Amino acid sequence: MAENKVGPNLQAGAGFLAKRVQKSFSRAQEKVLQKLGKTMETKDEQFELCFQNLNKQQIDGTRLFKDVKAYYAAVKTVHETSKRLSLTLREVYESDWDGVDDLAVITESEDLLWNDFEEKISDQLVRTMENYTSQFPEVKDRVAKRGRKLVDYDSARHHLEALQSAKKKDEAKITKAEEEFNKAQNVFEEINNELREELPVLYQSRIGCYVTVFQNISNLRDVFYKEMSVLNRELYNVMKKLETQHSGKNFIIKGLSSAHKKVNQNGKEAAPTSPVQQTQSVSEEDTAPEERAAPSESVTSSDSDLSSSGVNTPKRQSVCDNENSSKSTHQQPLLPAEGEHQMETSDNPETAEERDDLSSQNPPGFLYKAVATESNESSEEGQLQFEQGDVILVLADTQELDGLLMGIREESWKQHQDLDHHSGIFSGSLVGPLQAD
């Protein structure tokens, strides 16, 4: 009984295998004949155009999907580094500092915001592109199947034509060939018509995909940046509280500022040839208290000392020691210092009050006023730009050895009150003394 059951199965399997081998042989034979030009291949220009569009669409979609995944990976990386940075800040932030509770809430909110942003990118971008590109392999398989059916159709057609054109016709073979031709034609036309309808629709779907992806990413980033901006402002306020709590502590940095280093490295050092270039030169041993009474109360210090000017950016004291002479020469400022008018101030109380108001309007570290004799249009980082005739407020950050001055345009100071973004260095040879009224 078992042998009877196995026998028919083996015969059926052998028959199916023989048909597949015969079909593969017929297809290979047909392709060879077409390449040799002995038979004509059926062409469909409309389908060929659709197939070209499909290839281009798949290349573009795969590229976009790759970039979307790279963007998602970058967001995850930034999230992780931001989380570590916030964790470190919480660990170094001491418990008795103002804002410690607010800081914990802010960092936790940041992490939640990053998590939400990351998840929505995965859902609305990565999965959208994944679903879009997953269509192409299945469509490509159907296109390949259509190509095989086309070869079968051409092979059956050429076989029928050969039998019909033979001198000795065999009606039985012709009838069988006609049946095979009709069958191959129906199969090919069915799949061909389906693809001719589906491929243009698939090609047009790329527009909707692009619109969806980039609308989603625009909305996600817009919401994320707005909410993160609020948290950044809250973090800034916490730092301001800490700064206020410890306002007497100075932030000390040793060495030259980056702007001065850049100028020195470029070799653009000017010798102090004018009175403006020579700022107050103070000796630690010989300077008398009244000689040090400049408008900004410049104090002798070492190269590592910083002036406490009340602004966020630490400032260097303007100090240059003359090692070649036993006596230090004190260069008078371009405008009279307050110490020179003590008698006048004591005789005229109203004038003293006006001067106090004027002094309070000057920036921290103010030394004297100068007027630009030439324009400075340098675009280097840290350089102060001004036009000829502009009034410059020279600050206590002057580097005498380099022939450089630190200052801010009087107009910029009155308008912005911001030394961090509007002050800069310049050559002392570009300015001259401003005559007092």
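Even glycines carry a Cβ here, placed using N, Cα and C.
Among the features that TrEMBL reports, domain 'BAR' is placed at 32-248. Across the domain 'BAR' (32-248), the prediction's mean pLDDT works out to 90.
Sequence-distant neighbours of the coiled coil (160-194) (same chain, 6+ residues past either end, Cβ-Cβ under 8 Å): 44, 47, 142, 145-146, 149-150, 152-153. Per TrEMBL, the feature coiled coil maps to 160-194.
Taken from TrEMBL, the feature region 'Disordered' applies to 263-384.
Feature annotation from TrEMBL assigns compositional bias 'Low complexity' to 296-309.
Annotated compositional bias 'Polar residues' per TrEMBL: 310-332 (among others), in sequence order.
Residues or ranges marked as domain 'SH3' in TrEMBL: 365-436.
Taken from TrEMBL, the feature compositional bias 'Polar residues' covers 373-384 (among others).
Secondary structure by DSSP for the compositional bias 'Polar residues' (373-384): 0 helix, 2 strand, 10 coil.
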